[in-house]
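Student: Features from TrEMBL:
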- 654, 655, 656, 657, 658, 659, 660, 661: ATP binding site (BINDING)
- 728-744: domain 'DNA mismatch repair proteins mutS family' (DOMAIN)
Ligand SMILES: Nc1ncnc2c1ncn2[C@@H]1O[C@H](COP(=O)(O)OP(=O)(O)OP(=O)(O)O)[C@@H](O)[C@H]1O
């Protein structure tokens with residue numbers, strides 16, 4: 001989303017306004033910070049500043065309409081049938097839009113007097129977090145409205161997905177808000193305005209809160225909040241939600257207030273809040289989430305993320321559930337196992353899985369259809385979506401329940417889903433299903449008011465009105481034949497919204513109709529360039545009868561729709577449960593499908609502090625490498641925070657491009673996949689649950705950020721060192737690289753020691769400081785790993801193989817050669833390196849290293865290398881011919897030259 005646009009609040013002097021403008025001013029005063037879409041006939045018009053801003057944002061023309069206080073009124077408009085596309089664009093740009101509709105037919109208004117104005121009202125305020133239309137939403141992604149509240153030092157984040165009715169509520173400490181928001185990735189976040197004075201919180205919200213809506217602080221006060229939440233759920237007490245904490249009520253209260261304000265009194269069908277404490281889900285801070293590219297890449301694309309690679313779901317609800325699971329891995333091994341049982345069952349029942357996935361494709365998005373119906377924005381197609389979803393559910397329940405394999409009955413996770421999908425277990429649902437199956441015809445319009453969707457034979461009165469209408473149409477056809485005979489010229493009976501039915505003749509041939517005797521029958525109505533239009537007494541009479549019958553038929557259809565809608569909304573809870581059950585089946589089957597495609601295995605998750613991966617792969621890099629026709633090298637990784645069966649901390653070395661970052665990330669992704677209840681791409685994987693995952697990936701990986709991020713890197717490192725527990729998993733990639741060599745080495749060294757001694761967590765620490773390899777001898781639970789490369793006929797070959805022990809050397813010069821650094825520079829670098837590596841020329845050996853001493857080591861005497869190594873290397877650089885990556889590497893090389 002683009003940077004949110006700050007609302008511009010205008011003040012108006014309404015004196016002397018025309019009645020319509022007066023109405024506009026009234027509406028605008030009610031929603032001063034929203035663009036007002038003011039319905040006038042077939043258009044939504046915008047006026048004054050709104051018109052100017054919307055015209056600029058949408059690239060539509062801005063005109064003027066009349067005057068106000070002697071000034072022309074700026075105006076811009078969008079046709080109502082195309083409004084959704086414009087709305088979508090405005091919302092994406094961060095605008096808020098208030099939709100003001102005509103609440104009556106203009107004819108009704110006329111009855112009150114010729115000067116009276118059509119009644120209008122704001123029916124909805126559209127904000128990013130309150131969208132429900134398919135056209136405005138990504139079907140496979142959630143669209144959440146979040147709220148943050150803090151009470152007595154305790155924080156809560158609540159989130160509602162209005163388009164499916166899902167509500168979640170999390171309690172956390174103040175510092176946990178960022179991780180929760182990053183996991184929820186809301187498109188809009190409500191927060192009491194006084195909390196924005198807290199810089200840290202304001203910054204967190206800015207990074208992961210979507211559009212921030214400051215709310216008057218009074219709205220999150222306990223009493224007001226509680227009353228609003230009760231009203232939202234239509235309950236007398238909140239006890240049924242299991243003792244919500246004051247901060248949770250505050251956050252839900254803000255959501256309730258925002259919904260009241262934006263939905264113009266329509267109540268959404270919300271589910272009871274699903275609550276989770278920080279202790280239930282793996283905490284992944286925003287920086288880690290972004291660097292691991294879980295549901296989107298660092299560039300913001302879904303493609304190339306972990307989610308995109310493993311997602312084999314076939315329904316929108318399934319896709320959303322998988323995304324939610326992957327963004328919030330669980331901590332309870334039993335709950336994780338339940339999910340894994342379901343996946344395993346589908347791995348074992350392949351043909352059933354294939355049939356089930358085929359059925360699921362046609363199931364539609366029940367959750368979103370129901371939400372639209374509840375908010376009065378649904379139509380006959382949404383009812384059909386419920387019908388099809390429930391029907392599919394019934395079929396699937398039969399299919400899975402009757403799988404006929406007594407030795408391997410469906411596990412608990414699937415059993416619960418099946419129960420929610422068996423209509424006979426819920427009388428209301430089977431009744432609704434019968435009603436909709438019998439009631440909905442084959443051709444369904446988007447809106448009930450377009451009619452034609454109620455099947456014949458369902459409502460006798462409707463059938464009567466329809467046959468009257470259709471009979472009359474046959475009479476019209478007969479009348480047309482008679483009039484042609486009578487007039488002796490060719491003519492047609494046509495219909496339009498203004499004239500109703502009329503007779504149309506070509507202008508050149510219409511003369512006789514104006515002459516006696518025909519002018520006694522044909523009454524002139526309209527002359528166009530090529531046609532002349534008439535009516536007859538008989539036709540006018542027929543027109544009235546047809547219009548009446550059609551009107552009655554339509555009214556009956558709309559009434560039928562309302563009945564069915566109400567029946568469905570009253571069954572919101574079981575329908576939502578069925579929708580979720582379909583999503584669960586889809587996710588379990590899809591993960592089994594992926595497991596088979598990717599050769600993934602079931603992980604063993606327990607309460608130990610171990611991490612034992614054998615033959616593991618990075619799912620995203622593997623896919624990319626294979627696409628390029630290369631093989632991917634699987635790797636093992638063993639850690640144990642207790643230090644019993646493996647080291648707690650592994651120092652990972654190896655040349656540039658050897659695969660260090662990939663190895664680190666791969667292991668973090670295994671933990672996420674396993675705790676989300678997914679199979680993992682490995683030969684085997686045993687994991688003691690990880691409570692917090694931290695990843696600090698080197699600044700050098702991103703040129704654009706690399707220059708000024710040493711501070712950022714240190715802030716993130718500080719967070720890790722203060723927050724990681726013995727149950728956490730930390731991956732640190734090239735920490736300390738963005739500063740002077742000795743500072744960097746000292747910081748890296750101290751961090752490694754602290755992780756080992758104080759945090760005592762499992763950690764992988766990739767570094768170019770080979771000096772850190774000696775930690776293995778100095779600390780009890782440290783091991784060395786290296787990603788291997790070897791020289792072959794003067795070239796460097798990357799093996800991507802993680803082996804015990806440190807890297808023998810860094811091969812920086814060879815990598816420079818591979819990267820296309822000019823041969824003379826490479827040759828010179830080799831020469832310099834040889835000298836530096838010879839004992840006599842290299843004074844800075846680690847054993848002499850005065851770690852943490854204030855004095856920096858003295859540079860080697862430059863005399864032998866006069867004028868200077870750096871001068872020479874600089875001179876040879878072809879700066880204009882370098883890519884950014886080559887430039888960065890050259891810079892490091894130059895810094896490397898300074899090292900000694
Ligand atoms: N296990 C593997 N099997 C096959 N190819 C791999 C493997 N690991 C990494 N690669 C390939 O090597 C490339 C470089 O990997 P990566 O970025 O992890 O190296 P690095 O050691 O972190 O490099 P640098 O130190 O320059 O950041 C990857 O983009 C991928 O194409």
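Residue numbers in this text run from 1 along the chain shown.
Quick reminder: no glycine exception, Cβ is built from N, Cα and C everywhere.
These figures come from a predicted structure and were not determined experimentally.
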Student: Please work out the mean pLDDT for the residues of the domain 'DNA mismatch repair proteins mutS family' (728-744).
Tutor: 79
Student: If you count the other Cβ atoms within 10 Å of each Cβ, which of the binding-site residues 656, 661 comes out on top?
Tutor: 661
Student: Quick check on the binding-site residues 654, 655, 659: which one has the highest count of other Cβ atoms within 10 Å of its Cβ?
Tutor: 654
Student: Which secondary structure state does DSSP assign to residue 658 (ATP binding site), in the simple three-class scheme?
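Tutor: DSSP call for residue 658 (ATP binding site): coil, neither helix nor strand.
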Student: Out of these binding-site residues, 657, 658, which one has the fewest other C-beta atoms within 10 Å of its own C-beta?
Tutor: 657
Student: Can you check which residues sit near residue 660 (ATP binding site), meaning Cβ under 8 Å from its Cβ, same chain, 6 or more apart in sequence, and list them in order?
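Tutor: Listed in sequence order, they are 652, 653, 654, 733, 766, 787.
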Student: Near ligand 1, which of the binding-site residues 655, 660, 661 are found, taking a Cβ distance under 6 A to any of its atoms?
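Tutor: So the answer is 660, 661.
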Student: Starting from the ATP site formed by 654, 655, 656, 657, 658, 659, 660, 661, give every other residue of that chain whose CB sits within 8 Å of the mean position of their CB atoms, in sequence order.
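Tutor: Going along the sequence, the neighbours appear as 787, 789, 798.
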